[in-house]
Structures are given as structure tokens and as C-alpha cells.
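Visitor: Sending over a structure as C-alpha cells; questions will come in a sec.
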């Protein structure tokens, strides 16, 4: 029956609220549609960072965390928080999966290779987790411990890796003293642009694989700090540092050998999958691997994908009665729609980590533009995305639609202020079209964001481009009937609010509150 009035949840990715107007692309942008909606309809600010979304206090939110909380209707304690707590409680050092991997390699006098994003960013990993893993390996008798450092510069300032590399070297010096017979060091450095690709650009991943497995890089240095200094001389920021092998005291590059154990220390899945598959897929065809060492163990810190044949140190905790599941149980239809960059977020993450569609669910994927960086096309494919979304609203097929506009976040990450302004203006135009379509067809809209980004484009301390997310609140605007906004709220309150507006009870698993109380 095609006469449904859609409730549309629009997620403007990276669209935070910041009172300070300097280097604020959202403030600078000409956004008449959102300005008018804010003046005319019930609205409020909601929290998207720290404990409000299950992260450590003061930790900025991100798209994965944001969409999990949005769809779950409850605060979901994130892997970051679980792992940090396990370290402080002393459980981490006894984690059976990690201990088994270390013990197997150590008993055969083989090396433990620890790798991942060496960063305090807390989005894909945290350096303190890596340092704890180094400690675990040494305490269990590992005599060869190597760190392969992926450098950030995206969730951290563009040139900030020196502090992290220094900390790692200090940790090794502490664990492996001069009187120690063991060997522990940073074995390689490379930018995340290569090692953490998620768009099937296998040539990038190949560079990271050859560096780690074969010790083959574009460059070779005696220390990680020398490698970083040389990269900066080449005008490469952290994210783009070329493959650099760090030699052992004997002057040779370090390789992964048969019997070695590999431990991937990223906790976020999306940018860890491709690199993991290089080691775990029996039918791997991303690129031709020159050498495939017979490693003893490959451990994922968390489960990156159900079909990756490797154990995870921290298994996923299942979520029941998330938004999509609850709608399906009540015979409601739903649509998930976004560009490639945020498609996983409105599907997999919004569904609480479930890949499969629910009954009555449909999905539309609009390809993101094929450009090197999105400042080259700040509008991305928002016009086509909006065409599809407006068509879906007009079709009358869907009770609920969730759409993500990636522009504020993806262009915000480039650090280009002018491009971010254009991105925000493009999104504003699209929001106007969607709101009109919803109103013309008897529907309603909730407009919000998953975290901030574009509202701060310059680091106030360093003066560098600010490419990371922020801890700022985000707007929530309800375009519909008369309603009273709550004084405060979080992302986990959005699903309960949508259900209230749709005239549905929320399941008991959803502990979030209603933020837009209808006035009878």
C-alpha cells in the first residue's frame, strides 16, 4: 500500500554547534533553510561525545559510535571504553586470546608484531592500548616485540605523530633495558592513508603489506623519528607518510617470519578489514603477495567482520530491539539511504552491527564522487542523493527513512575552510528540498547530526588545520506538529523520539528519553 507518510531522520554528518564563529564553516556558510527551520520549529542541542555515547569522558564522538547510539536508543558502551576499562582493571593483561597468541610465538622463539594506528585520537584506536599490548607481550616472555606504526593526522592534528612515536620508543626502552637480551623496537611507519584504506584501493594496502611483511619501503631509516622528520621534509603530513622501514641494530629491515604472531590493535572495524584480509583470506585477490608467511596467530582486537577468519580479543556484545528491528516487528517499512562514505553507518551501524536487512527494509546507495579528496567536490553527490530521497518520500512506500549527508564530515576532514563552507551550503539546499517533499506528502522530519567537525576548521593552539571531530553538541530540529523540546539529550534519545512521533511505544531495551514531546 503506497500511501504512507514518512518520518524522515536526516543526519547531517559532522554538523556541530559552536558559539565561537572564527574558523567555523557552518557559521560562515549561507544556510537560509536551516536558519529558517531553527527559527520556526522546536529545536535543541544534544550531546554526541564522551559518556553520553559510551566513550571515555572528554572523548570526541565519531560516525560509527554516533550511528550505533542513534539506532540503539540506549547508550552503547563502545569498544574503546571496554578495552580501556579492561586495562585499568587488570583484565587486559590476562586476555586469553592475546595471551595465547603471544605464548604460541614466544614458546618457539618467534616474534610478536603489534600494529595499528599509533594515535591518541581514540576514533580507530588508542596508543595506550598499544602500549598495554607491548607490556603484555614482554611480561609473557616475548623476546622479540615489534611495533608497526600507522600514523594518524586525520583524527589528530596533521603533524602530531612525533609525540606518539617518542612515547612508543620510551615504552620500549623501559621494557627492554640495555641488560635485556630481548629486542623491542618500532619496525616501520606508514600513513593511515595506505594501511587503513576502506575503498578497495588495494595499491595503497599493498604498500603497507610489503612494508610490514617484507621490510620493503620507499625509504629506510635508523629510527622512527628520523623517518618522520624526513617525511615532513618531503611535505608529507602524518596521514600520508610513505612506507618507511626502520632497521634493527644489525642494520637490517624487520620482516614477518613463519611462526610469528600478529596482533592488530585498531578497535574500529571499517578501516581494519582490508589489511586484515591480506593475512586471513585463503582466496585473497586484492593484489599479488610476494610472500605469505605462515604466521602462528592473527588476532583482531575486536571483530572486524564475521567472515574474517581470525579470533578477536574483545567479542561483540549483541544489541536487541534496535530501531530497525523494532519497526520490522511492528510491520513498518523503512529505507536507509546515503552516499558510499556513510552507507555502512545508516545500515550496519544504525542496525546495531547487523549486516542483514530487516523485513520491510530497503536500501539505496548513491556512489560518492571519485576524487582524491572531497575538498575538490565539496557538494559530493548530495543532489543525486536528494533526488533519490525525495522520490522515496513521494512514493509513499516508507514509514521511516534515515538518510546521512556526509559532506560536513568528509569535507571537514580535508581541513579546507572554503570547501567546508561550500559543503554546508550544498547540504542546506538539500535539506530544503527534503523538508518540502515531506510536508507536501504529510510527512515529518527530524534533523540532527552524529558529531561535530565543520564548525571548527582551525586548531586554536597550533594554528594548523583542524581535521578532526569535535566534542561540540549538535542541533536537533523537529519539523512537524507542535512539540515541546527537552532541556537536554543525547543521540540515544533519537530513536525513542522517532517512535513517539510515529505513535509507537519504545521497547524496554531502549532506555533513551523522548526529546520532542507532542503537545496535544
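Each Cβ is built from the backbone N, Cα and C atoms, and glycine gets one as well.
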Visitor: Besides 13, 450, 451, which of 63, 382, 395, 513 does Swiss-Prot list for that Mn(2+) 2 site?
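Guide: Swiss-Prot names 63 for this Mn(2+) 2 site.
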Visitor: Going by the substrate site in Swiss-Prot, where 154, 155, 192, 198, 268, 269, 270, 271, 342 are listed, which of the candidates 100, 113, 124 is also part of it?
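Guide: Among the candidates, Swiss-Prot records only 124 at this substrate site.
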Visitor: Would you mind checking how many other C-beta atoms are within 10 angstroms of the C-beta on residue 469 (Mn(2+) 1 binding site)?
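Guide: Taking all protein chains shown, residue 469 (Mn(2+) 1 binding site) has 30 Cβ neighbours within 10 Å.
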Visitor: Can you list, in sequence order, the residues of the same chain other than 409, 413, 469 whose CB lies within 8 Å of the CB centroid of the Mn(2+) 1 site?
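Guide: Those within range, site residues removed, are 13, 14, 62, 63, 408, 410, 412, 451, 453, 454, 467, 468.
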Visitor: For residue 13 (Mn(2+) 2 binding site), which of these binding-site residues sit within 10 Å, Cα to Cα: 124, 155, 269, 271?
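Guide: So far as Cα distances go, none of the binding-site residues lies within 10 Å of residue 13 (Mn(2+) 2 binding site).
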Visitor: Could you check which of the binding-site residues 409, 451, 469 is the closest Cα neighbour of residue 155 (substrate binding site)?
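Guide: In terms of Cα distance, residue 155 (substrate binding site) lies closest to 469.
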Visitor: Whose Cβ lies within 8 Å of the mean position of the Cβ atoms of 13, 63, 450, 451, the Mn(2+) 2 site, other than those residues?
Guide: 11, 14, 48, 61, 62, 66, 67, 342, 345, 404, 409, 449, 453, 469
Visitor: In Å, rounded, how far does the Cα of residue 269 (substrate binding site) sit from the Cα of residue 63 (active site, phosphoserine intermediate)?
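Guide: Computed Cα spacing between residue 269 (substrate binding site) and residue 63 (active site, phosphoserine intermediate) is 12 Å.
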Visitor: Ten-angstrom check, please: count other Cβ atoms within 10 Å of the Cβ of residue 271 (substrate binding site), all chains counted.
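Guide: Excluding its own Cβ, the number within 10 Å is 20.
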